Number of protein chains: 2
Amino acid sequence: MIAPVGPNATVAAGSVGSTETRHVDLPRPVPLDCGRELHPVRIAYETYGVLSPERDNVILVCHALSGDAHAAGLASTPPEAGTRDGFAAEARDGAAGKALGWWDGMIGPGKAFDTDRFFVVSSNVLGGCRGTTGPSSTDPATGAPYGTDFPVITVADMVRAQRALLDELGITRLAAVAGGSLGGMQALQWAVRYPDQVDAIVVIASTPALHPQGVAWNAIARDAIMRDPAWQGGHYHGTGRQPDAGMGVARMVGHITYLSAPALEDRFGRRLQFADDIRHTITEPEFEVESYLRHQADTFVKRFDANTYLYTSRALTYFDLAREHGGGSLDRALGGVLARTLLIAFSSDWLYPPAASEQIAASLRALGKPVEYHLIEAPHGHDSFLLEEARQTPVIRHFLTGAGADSSTPRKRHE
Amino acid sequence: MIAPVGPNATVAAGSVGSTETRHVDLPRPVPLDCGRELHPVRIAYETYGVLSPERDNVILVCHALSGDAHAAGLASTPPEAGTRDGFAAEARDGAAGKALGWWDGMIGPGKAFDTDRFFVVSSNVLGGCRGTTGPSSTDPATGAPYGTDFPVITVADMVRAQRALLDELGITRLAAVAGGSLGGMQALQWAVRYPDQVDAIVVIASTPALHPQGVAWNAIARDAIMRDPAWQGGHYHGTGRQPDAGMGVARMVGHITYLSAPALEDRFGRRLQFADDIRHTITEPEFEVESYLRHQADTFVKRFDANTYLYTSRALTYFDLAREHGGGSLDRALGGVLARTLLIAFSSDWLYPPAASEQIAASLRALGKPVEYHLIEAPHGHDSFLLEEARQTPVIRHFLTGAGADSSTPRKRHE
């Protein structure tokens with residue numbers, strides 16, 4: 001594929017190639033918003049591109065609710081299961097059983113986050129289940145998995161853990177922090193919490209605080225898990241049972257909120273599974289969209305931990321820049337931001353609607369801070385941030401021109 | 001309250017008073033779309049107003065997913081639990097433990113469906129759990145509740161059962177059939193199936209076929225119930241367990257789809273349950289909207305049967321006028337309609353969006369049939385059909401002028 005990236009861009013949009021998830025054990029406990037500290041903490045991460053000698057070309061990429069550290073390239077070891085979501089996942093199955101990263105279309109030589117220039121770091125969030133310490137990790141106090149004894153995590157905690165990871169990697173400053181959805185919240189949190197360490201943030205399909213309907217959807221998804229008797233109060237590890245039924249429902253709810261009604265209309269309509277008529281069944285799927293949802297549910301439970309879902313969902317509903325950093329005022333919360341800000345929203349995204357990005361843009365503008373806002377007309381709903389790569393790419397590349405490393409001297413990758 | 005009903009209207013909007021749900025046992029089996037017949041069939045119904053000697057002033061009112069026959073007035077016996085939904089229910093708790101009907105604001109002397117003129121009949125749908133034969137009724141073949149041995153019901157089957165009920169009441173023609181949501185589907189089905197027996201239909205917040213996102217929400221709600229181990233394949237009656245956990249999730253999903261995002265914003269915002277800060281909890285509600293949802297779930301499971309939810313939800317997703325009656329063409333499906341049609345939609349209704357009503361209106365207009373379409377700007381989402389009584393009233397009263405009984409001679413109620 002040729003990325004439409006403007007006159008100065010490199011040409012072929014390549015791949016970062018084979019990648020490997022590495023791990024760092026943090027030397028110190030991570031202090032948490034809830035008042036507890038977490039130790040030990042292991043962080044799973046991947047990197048793409050080459051760190052400049054000045055260490056000034058680092059972009060931290062942050063993942064969304066069900067993501068992981070494997071953002072780009074082909075996993076060098078066959079993964080337990082795919083790590084990407086919905087439509088995007090289907091469009092991108094890797095070759096030979098190797099999974100493509102969840103943002104592979106955006107990270108690589110010549111891509112939006114150009115690994116010829118930037119050193120991209122991607123880590124699994126604190127509380128995760130894909131290599132970073134989370135509820136399924138061993139609680140040193142008991143020798144058993146934490147389960148719901150794991151401390152409640154916030155987006156600020158996730159960012160603290162990322163800061164500690166970067167310390168271990170010898171990285172002080174970030175040329176940019178970028179992410180969509182929950183990933184965008186992390187980018188915002190970076191700019192607010194570590195203003196002198198972040199040159200720019202790229203906040204895609206995100207919000208300064210999830211709207212009440214989004215809070216509700218997340219609450220329903222979590223309740224579906226917790227009402228499953230197999231959840232067992234969160235201590236299902238080692239019992240031979242896990243809340244797959246509830247997780248499936250949570251996933252189906254999430255999935256529909258990630259898509260738009262017109263996208264479902266285009267893709268499924270009211271097409272029936274069998275021939276041209278209904279079979280009069282309560283238990284079996286009749287419509288293609290029903291069958292699709294069940295498939296999504298079945299696939300998801302194989303690759304994702306239910307408690308991590310609960311903790312991550314809770315973190316993203318808690319996130320509230322104005323409440324946490326501005327005494328209720330978004331202007332005050334953003335008052336200390338030094339990073340240049342790029343905001344991208346999608347017209348059909350009703351979970352993280354354009355209005356949320358516009359609120360951030362308005363606030364930063366009122367504060368006289370550098371901000372760019374792009375509304376992309378796209379039909380896919382919230383999932384657009386994973387799908388509309390071609391249209392995000394020129395916007396992000398242009399925004400990152402001059403960021404961090406000198407853009408006139410692309411760094412080639414050394415294998 | 002004074003209903004804003006124009007110059008010729010009666011004045012005070014009164015109540016139909018105390019009401020009682022009665023029952024009819026149908027003398028003949030009801031043939032069903034699935035090929036089976038159902039027998040015996042009992043129908044629960046209420047009536048309001050006085051049947052004219054000419055029997056020409058009958059309005060059949062049809063309820064939505066979780067409704068029942070008690071549409072107006074105060075139930076003469078304390079109900080097991082409230083029968084109305086969400087915001088509407090809260091606004092309308094009856095006095096002294098007696099439940100107000102689910103459409104009490106619309107049915108009564110001087111109201112939209114004016115019982116000074118019309119004889120209003122309201123029945124619980126086939127497959128229901130509030131007095132009409134449904135999955136919790138006794139299967140004569142086994143002596144035990146049907147459970148999922150109950151035949152799969154369609155909207156057409158519901159209407160067949162209503163036709164049979166009216167036969168028993170000695171009613172041949174209907175001045176109007178009216179309903180919102182699933183109730184509107186029944187009204188449409190009446191006009192298509194019995195064109196020479198219906199003078200007018202009032203179709204509110206409804207659709208000729210639920211859009212795929214609505215199909216998906218219903219599938220998720222049903223799956224939440226069926227994935228609950230307490231559902232036991234539908235044979236939970238008599239086991240001491242029932243799928244309250246899954247039903248709660250189904251209800252929460254439904255509830256959010258009945259409201260609009262702005263309505264949630266207005267009513268709950270991101271207000272926390274306790275003081276001004278979060279408590280860092282996974283299991284407890286933190287936001288008011290979370291607590292509200294759990295309350296809705298807990299209330300609903302006490303009054304509604306899970307299998308009836310499954311069957312009714314399935315019926316409304318199946319409903320597809322074009323597929324069932326027009327070989328895929330809505331125009332063809334509506335080609336035989338003789339009834340005058342009133343369509344009302346609400347701007348913020350995203351489950352039964354205005355576009356669906358507009359599709360019906362366009363089709364009827366193209367066929368040269370009498371149709372009125374009113375789009376009401378209202379913020380409450382799909383629930384508007386239960387809440388926006390004052391604005392629907394003049395539209396409906398005007399539409400019904402001259403319908404059935406002569407409007408110049410209001411009939412007084414005889415107690």
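Quick reminder: no glycine exception, Cβ is built from N, Cα and C everywhere.
Model, not experiment: these values are computed from the prediction.
The annotation active site, nucleophile is assigned in TrEMBL to A:Ser181. Sequence-distant contacts of A:Ser181 (active site, nucleophile), defined as residues of its own chain at least six apart whose C-beta falls under 8 angstroms from its C-beta, comprise A:Ala64, A:Leu65, A:Ile204, A:Ala205, A:Ser206, A:Leu316, A:Tyr352, A:His382, A:Phe385.
Sequence-distant neighbours of A:Asp349 (active site) (same chain, 6+ apart, CB under 8 A from its CB) are A:Ala205, A:Ser260, A:Gly381, A:His382, A:Ser384, A:Phe385. The feature active site is assigned by TrEMBL to A:Asp349 (among others).
Under the heading active site, TrEMBL lists A:His382 (among others).
The number of other Cβ atoms within 10 Å of the Cβ belonging to A:Arg251 (substrate binding site), over all protein chains shown, comes to 26. In the three-state DSSP assignment, the secondary structure recorded for A:Arg251 (substrate binding site) is helix. Under the heading substrate binding site, TrEMBL lists A:Arg251, A:Asp383.
Residues or ranges marked as domain 'AB hydrolase-1' by TrEMBL: A:97-388.
Taken from TrEMBL, the feature region 'Disordered' applies to A:1-28.
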Just counting, how many other CB atoms are there within 10 A of the CB of A:His382 (active site)?
25
For A:Asp383 (substrate binding site), the number of other Cβ atoms found within 10 Å of its own Cβ:
26
